[in-house]
Amino acid sequence: MKLDEALCRALKSRPRLVVLSGAGMSAESGVPIFRGAGGLWEGFRPEDLATPEAFATNPQRVWRWYQWRGQKVSEAQPHKGHQWLARLESEAHLPSFHVVTQNVDRMHQRAGNNGVIELHGNIMTARCTLHCGFTMPSADVPKEDFSCPCGKGMLRPEVVWFGEGLPEEAFSKAGQVLDEASMVWVLGTSSVVYPAAALPGMAAQRGIPVVEINPEETPLSSQVPYSFRCLASEGIEALCQQIMGKENSL
């Protein structure tokens, strides 16, 4: 991965950095991807399970899928890319640093990042369908009785399902930190899931340096000044070493 002089100067200038991460970031840790060839579970597509309608029809099946996913996440470990981002936050002393993720596995937090903005929620927590305020760990949800203690709603994963809007607070915060950013990294995202996919393009239109790291070309690749074909962990290491010094290693 070869970085040109302009990008190296920008990285060494202590940017106000926002990191946007997607499924490819977690896939390196062994977390099953949501879509694509590996997306089927017991013959079902994720699009057939991650909907309010699917939950209303068969909550047991939906919960079994999420508990399977939760087990896979628990077995996975943050990779060196996650670890570099945690070090960047704690040691580089940038003017501002924020991670905005589409992932629901909390891998960034496990690596040590704080204040992660979760656009699609997280699978480790269950909440009431009626937003009564009750939450509990997903792993503790009974296997048959999904009734919320409030007596009115049901317990469901605290994630964004197909057909649902993003959490207003999280999306508003993401827009705010992007407005204040002087550089954006886009890591392992297909750039096809909206509205999150629109965020880096909006930053690029304002002239903010946007760096995309992805093994494959995406719809974003032609819109940003820097796009590299490599794994997220490899790209993150190269970028972080420009900020923190090449003598730094994990």
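Start at 1 and count along the chain as shown; that gives each residue its number.
Glycine is no exception: its Cβ is also placed from the backbone N, Cα and C atoms.
Curation plays no part in TrEMBL annotations; they are all automatic predictions.
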Identity of the NAD(+)-site residue among Ala86, Ala170, Ala174, Ala232 (reference: Gln102, Asn103, Val104, Asp105, Gly188, Thr189, Ser190, Asn214, Pro215, Glu216, source: TrEMBL): Ala232
For Pro215 (NAD(+) binding site), the one of Tyr66, Arg69, Cys128, Cys132, Cys150 that lies nearest, given that the binding-site residues are compared by Cα: Arg69
DSSP three-state assignment for Cys150 (Zn(2+) binding site): coil
10 Å Cα neighbourhood of Val104 (NAD(+) binding site): matching recorded positions from Tyr66, His120, Cys128, Cys148, Cys150: His120
Whole-number Å value of the largest CA-CA distance among Gln102, Asn103, Val104, Asp105, Gly188, Thr189, Ser190, Asn214, Pro215, Glu216, Ala232, listed as NAD(+)-binding: 22
Candidate nearest Cys150 (Zn(2+) binding site) in space, where candidates are the binding-site residues Tyr66, Arg69, Gly188, Ser190 and distance is Cα-Cα: Tyr66
Distance check against Gln102 (NAD(+) binding site) for the binding-site residues Tyr66, Arg69, Cys128, keeping those with Cα within 10 Å: none
